[in-house]
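Visitor: The structure follows.
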């Protein structure tokens, strides 16, 4: 039996999937058949720590019968979005509202703000000038980098007091150089999740003499299943993707880094088909510098995407179409340079219409021309910075011509041809190297045994 408000549980439902711009009036209209306690005041929206709508809300109703009516609205649409309705209670509602939003204990009173959209190569001195007149604590500026040592376009700044931090927030959308800077409330905990790169990677920058593909818990093993989703979160989605979850060594599912200490989130993010299965759509890049988008509104056009990245000028936009002929909510955006692609990542989690969009970097410094295909494959990733022709083709190992030979969970003979200029990775073009490749592969297998 459901207890009344005096018993502590109340008559509460939780709503998920609301449009980001949803108002209390719209929620009231959605539940027009139900009696909401205190009208609009009985609708409690949930916000992120940056103060943005999360797409969820609690609704307080007047009786158990009203709760039952509200639950019948589950999976009905608001605009063009399906809205989920769950049974909840006062205890859950109070806890969630206390621990989320910009004024939660995790974000209040520590003087931190997060900057997004910094120009490529922005220095701490430029940030100090940007906040001229506002006191920053000593060593209070943190500039996160990715696993390749590149700037993420973000920064964390700790001010001498929360009051000063509040003043800093008023500089939201002001410029550094030609870039608009977004400023959000932050916390020490958020800084730690973005800035503590795994120390073990430092010892993995160069391959050892006995490194070999596919050996046990080796760095090349690419698993399937839960690890893919963890990988897809990427370093820009809070934390460091697959590494934090699996300590970088995979254990057969998910992956953190390859033999050379590179984060595989960057190399494999941007794959198209999320059914963890067979292939998917293929996008051919002419520059090798792409950003993959996920979470687009289904009515988004190419022009919307060009405007989203303004003032950057993408070379080309490719909106993905699924096997059923419908848009997937994903797209690939090609840029002229690696620097432009990195700068575009500053728009990660920014809104397009009512949805926030996730971005995944698919660019390698120094890559020039050549096409790559992003598909789900069971091969380990072979990619070298500065490769010409096809940045995702083959990698020569020790001068022995061992390229695209070993696979994880698939036939050892599976090939991914098209490496250097489209003719140096496949079996048919290896000619005299075939025998060497086979002998080396056999040696590796015997070493493993």
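Including glycine, each Cβ sits where the backbone N, Cα and C put it.
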Visitor: Hey, which of 21, 63, 272 does Swiss-Prot call phosphoserine?
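Guide: Record lookup, Swiss-Prot, feature phosphoserine, residue 63.
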Visitor: By the record in Swiss-Prot, which of 73, 98, 349 is the one labelled SUMO2 cross-link?
Guide: 98
Visitor: Name the residue among 35, 185, 200 that Swiss-Prot annotates as SUMO2 cross-link.
Guide: 35
Visitor: Annotation phosphoserine per Swiss-Prot: which of the candidates 54, 151, 407 has it?
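Guide: Checked Swiss-Prot: the phosphoserine annotation sits on 54.
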Visitor: From 192, 233, 326, pick the one Swiss-Prot annotates as dimethylated arginine?
Guide: 233
Visitor: According to Swiss-Prot, one residue among 23, 123, 383 carries the annotation phosphoserine; which one is it?
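Guide: My reading of Swiss-Prot gives 23.
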Visitor: Please work out the helix, strand and coil residue numbers for the domain 'RRM 3' (289-364) from the DSSP assignment.
Guide: 17 helix, 30 strand, 29 coil
